[in-house]
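Lifted from Swiss-Prot, the feature list:
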{"type": "COMPBIAS", "residues": "259-272", "note": "compositional bias 'Low complexity'"}
{"type": "COMPBIAS", "residues": "274-287", "note": "compositional bias 'Basic and acidic residues'"}
{"type": "COMPBIAS", "residues": "707-732", "note": "compositional bias 'Low complexity'"}
{"type": "MOD_RES", "residues": "Ser164", "note": "phosphoserine"}
{"type": "MOD_RES", "residues": "Ser298", "note": "phosphoserine"}
{"type": "MOD_RES", "residues": "Ser717", "note": "phosphoserine"}
{"type": "MOD_RES", "residues": "Arg832", "note": "asymmetric dimethylarginine"}
{"type": "REGION", "residues": "259-303", "note": "region 'Disordered'"}
{"type": "REGION", "residues": "434-460", "note": "region 'Disordered'"}
{"type": "REGION", "residues": "687-733", "note": "region 'Disordered'"}
{"type": "ZN_FING", "residues": "76-98", "note": "zinc finger"}
{"type": "ZN_FING", "residues": "126-148", "note": "zinc finger"}
{"type": "ZN_FING", "residues": "214-236", "note": "zinc finger"}
{"type": "ZN_FING", "residues": "309-331", "note": "zinc finger"}
{"type": "ZN_FING", "residues": "392-413", "note": "zinc finger"}
{"type": "ZN_FING", "residues": "495-517", "note": "zinc finger"}
{"type": "ZN_FING", "residues": "551-573", "note": "zinc finger"}
{"type": "ZN_FING", "residues": "636-659", "note": "zinc finger"}
{"type": "ZN_FING", "residues": "667-689", "note": "zinc finger"}
{"type": "ZN_FING", "residues": "738-760", "note": "zinc finger"}
{"type": "ZN_FING", "residues": "766-788", "note": "zinc finger"}
{"type": "ZN_FING", "residues": "822-844", "note": "zinc finger"}
Amino acid sequence: MTEESEETVLYIEHRYVCSECNQLYGSLEEVLMHQNSHVPQQHFELVGVADPGVTVAAEAASGTGLYQTLVQESQYQCLECGQLLMSPSQLLEHQELHLKMMAPQEAVPAEPPPKAPALSSSTIHYECVDCKALFASQELWLNHRQTHLRATPTKPPTPVVLGSPVVVGSPVGQTRVAVEHSYRKAEEGGEGAAVPSAAATTTEVVTEVELLLYKCSECSQLFQLPADFLEHQATHFPAPAPESEEPVLQQETLTPAPVEVPVSQPEPVPSSDHSYELRNGEALGRDRRGRRARRNNSGEPGGAATQELFCSACDQLFLSPHQLQQHLRSHREGVFKCPLCSRVFPSPSSLDQHLGDHSSESHFLCVDCGLAFGTEALLLAHRRAHTPNPLHSCPCGKTFVNLTKFLYHRRTHGVGGVPLPTTPVPPEEPVLGFPEPAPAETGEPEAPEPPVAEESSAEPAAPGTYRCLLCSREFGKALQLTRHQRFVHRLERRHKCSICGKMFKKKSHVRNHLRTHTGERPFPCPDCSKPFNSPANLARHRLTHTGERPYRCGDCGKAFTQSSTLRQHRLVHAQHFPYRCQECGVRFHRPYRLLMHRYHHTGEYPYKCRECPRSFLLRRLLEVHQLVAHAGRQPHRCSSCGAAFPSSLRLREHRCAAAAAQAPRRFECGTCGKKVGSAARLQAHEAAHAAAGPGEVLAKEPPAPRAPRAARTPITSPTTLGSAAPAAPAAPARRRGLECSECKKLFSTETSLQVHRRIHTGERPYPCPDCGKAFRQSTHLKDHRRLHTGERPFACEVCGKAFAISMRLAEHRRIHTGERPYSCPDCGKSYRSFSNLWKHRKTHQQQHQAAVRQQLAEAEAAVGLAVMETAVEALPLVEAIEIYPLAEAEGVQISG
C-alpha cells in the first residue's frame, strides 16, 4: 500500500516556476539552485531552533553560537512548513516527506519523527505561523495546520498555467516558487487537535491529507487524479468535441507518446517544452514499472478489467473505456492541430513544417484545398490527390502516390511492366528454418506468411547453388533463396506505419520510416558529419566521398552510384521518352526534366530573389546569386564542370559527371544552370536570357544534349556523298536509333532529330532582329549577331588574331600546329577544316557526274550507230525484237 501511494505521488509531480524569469524546472532543487542567481546574499530569519534548556528567544537575543551560523548559511526554506535547511539536497529530502504525507493511507500510529540534519546538540522544531505553536515533526505540524484550515476555509489556489505562474509568497520573500498546493482533510482520516508543545504530541495519531490539483470550473469540486477529474468533466460535457476546452493541467500531467516507437527502442521521456514532464527519468521508470506490476497482478479481483484500461503505448491508466479510446486517438492521429486547416500532427516539428505550406513564401496554390507549394512539380504531384483515382496501380497489386516511384517499380517486372506469374504455394508448408518476423504493433494477430517451398522454386542451376525462378538470381544456400523470395518477391506489405499508414515489407523498414516523422538522424557521416536516418542512405552518401560508382551501363560504360539512376539511364538507350513537350515536341524520359523544360517556354523561373527582380531555375542558383550579388562573397566552384555552390559542403556532395567523362565544361549559366565550353558561349547564352524575353529567345530551343566534346566534333559526311567519314579523334560508340522519315538518317537523341527535321521542313524559327535573316538553331543566330556588333571574343594565343566564332579559332590554330585532320577518301588530300574538305569533295562529285554523263552519251551514240549500220541486213528474230522498240523510240524506220 505504501509503495502504491508513493508511486501515485511521483506520478502527480509538482512543477516549479521561477518567480523572477518564469523559467520552468522539474524539481525543487533545480529551481532553488537557479534562484540563487537572482537572490543577493542576505541573512534569513530562523523560524524555530531550540536547544535543551535554552529557549529560542534567548538564543536569538544572544546573537552568538549556532543561531548566527544558521543565519549566515541557511538559504533554503520549505514553502510548506517554513523550515530552513542547509542545502538543496536536504530541502529535497524534506519535501519528499510532505509528499509521502499527502498520499492517501490508513491512519497508523505515529512513528518517531525523522531526524533533521543534526547541528551539534540542537533540535529543529516546526512553528505554526498562526498561533506560534512548536512541533517536533512535520506530521504533527501538518495535522495542526488542518485545524486552522477548517476554522478559516480559503479558496484553493488556481492551478498553475505555464506562462502565467501563480507565485506563492513565503516568509523569506526571496525564494518564492510557484507550486500547486491545495489541501483538504481526508473524510475518513483520524481526528487530531492542535498540540501546543512537542512534549504533548508524542502520542498523536497522524492524520492523512491528500493533494488536490484539479478544480472543476462548473461546480468547484476538487480532484486529486486527472482521471477522476476527466471523468467528472464528462458529466458536464456529454459530447465533447475533439478539440474540447480541456484544462492545461491535463496536458501537463499526462504523458502521451507522440510516436509509437518499436519495443526494442528506449521509451522517450517527454521534454519540458511540451508542458508534460516528470521530475526525472527514474521517477517515470518507477511509475511505469509499478503500473505494469499492478496490471499484471492476476490475483486481484477485476484484474482483467483493469488491464484493458491501460494504454499499451504509454502505460496511462483510465477509468472508462471511452477515455481510453479517446487517448488512443492521440497516438494514432496526433495531438497537434493546424489552426488553418483540419489536419493533425504527432509532433510540433511536423506542425511547423506543415505551417510553411500556408506561408506566403509558396508561389503555387492548389485551388481545391488552398495548400501552397514552392515549385510547380510539387503542385502537380499534389493535384493528383484530388482526382477520382489518386493512386497509380500496378497489375501486381501495389499502389503508389508518386509517379516516379511507380515507374521505378514497373521496371522490376521487365518489358511491358506486367508481373510474371508466380507458383502458388500451400500456406501450411514450413519455411526452411527461417523464423517468422515479429507481428506488427497493432495489437491484432496476423495471418502467417505463406512460405516458399524449396521444391517449387529452388531449382539447382549448378551443384550447390539455388536459382530464383522469378529473377534468375542464384544463391549458395537454400535459406538465402527463401529469404530473398519472402522479402523481394512478396506482394503484400504487412507492417504498417502508425503515423501515416504506409505499408512496408520488413519491420526494420518501418523503424527507418518512423525517423522521417520524428526527425531523428542517428547515423552521421564520419567524413562530413552530415546525419542520415538509415544506414542505407549513409552508405549511398559515402560514395560521394570515395568517388566509387558501382553500377555501370553495359552499353556505353557510364557508371552511377545508385541502381535506380542506372535504370533511368538505360531508358536513353532503349529510346523510351514518354514525356513530350506540347509546344516544341521535345521528349524526355523523366517527368521532372519536362517540368524544368517548360519553364523556358513561360520565361518565369520558380525561384525568385526577394531583393531584386531576377528569378532562377534551381534553388542552388538562387543561393549563389544571393551570396555573390547581395552578400559580396564568392561561391565555391567545381574545378571540372564549373558549377557554383553556396557552401563547401554542397561542393563536396556534388557528383561531377564531367570529371568522370574527362570532358570539362567549365562555364555554367547562373540563371538556368546550363553548362557551356567557353566564356564566349556563356556570354551569348546569358545575352539570350537578357534579350526581349526569355520566352521568345529560349522557348523553341530544345535542351542541348550533354554529350562529350569529342562526340560533338562534326566528322560525319553528308549522306549524298555516300562515303565514309574522314579521320578524326574517335568518339565512344553510341547507339543511334532515331531515324529521319525523309532521308533515313539516324540520330542518337530526340533533340538532334528535331533540329535535323528543320532542314526538310525549311523551318527557321530564330530570325536576326537586325537584318531579318533566319536560322535553324539559336547558336547560329548568336554567331551571326556578332557580325553586326563586331564582337570577336575568340583570340588566338599565338598570333593574337580574333574571331567571332569559336570554330574559326579552332581551324586557325591548326595553321600553327600544322594539323590537318580532315582527309579526302578519294585522293588522300588532307585539310584543316571540314568546310575545305566539303568544297574539295564537290570537285570529285562534279568529276564523277561529268564522267557519268559522258558514259551515258557514249552509250546512246553506240546504240544509234548499231541500228543505222545493221538496218539493211537480215537480222535474227530475237535481235529484231530487241532492236525494234529502241529504233522506234529513236524515230528510225526499219524496213522489212
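One is the number of the first residue shown, and numbering goes on along the chain from there.
Glycine too: its Cβ is placed from the backbone N, Cα and C atoms.
Sorting the zinc finger (766-788) by DSSP state (H, G, I as helix; E, B as strand; all else coil) yields 11 helix, 4 strand, 8 coil. The DSSP breakdown of the zinc finger (822-844), given as helix, strand and coil counts, is 11 helix, 4 strand, 8 coil. Here the zinc finger (667-689) returns a mean pLDDT of 74 for the predicted model.
DSSP places the residues of the zinc finger (551-573) in helix, strand and coil in these numbers: 11 helix, 4 strand, 8 coil. As a summary of secondary structure, the zinc finger (495-517) carries 11 helix, 4 strand, 8 coil according to DSSP.
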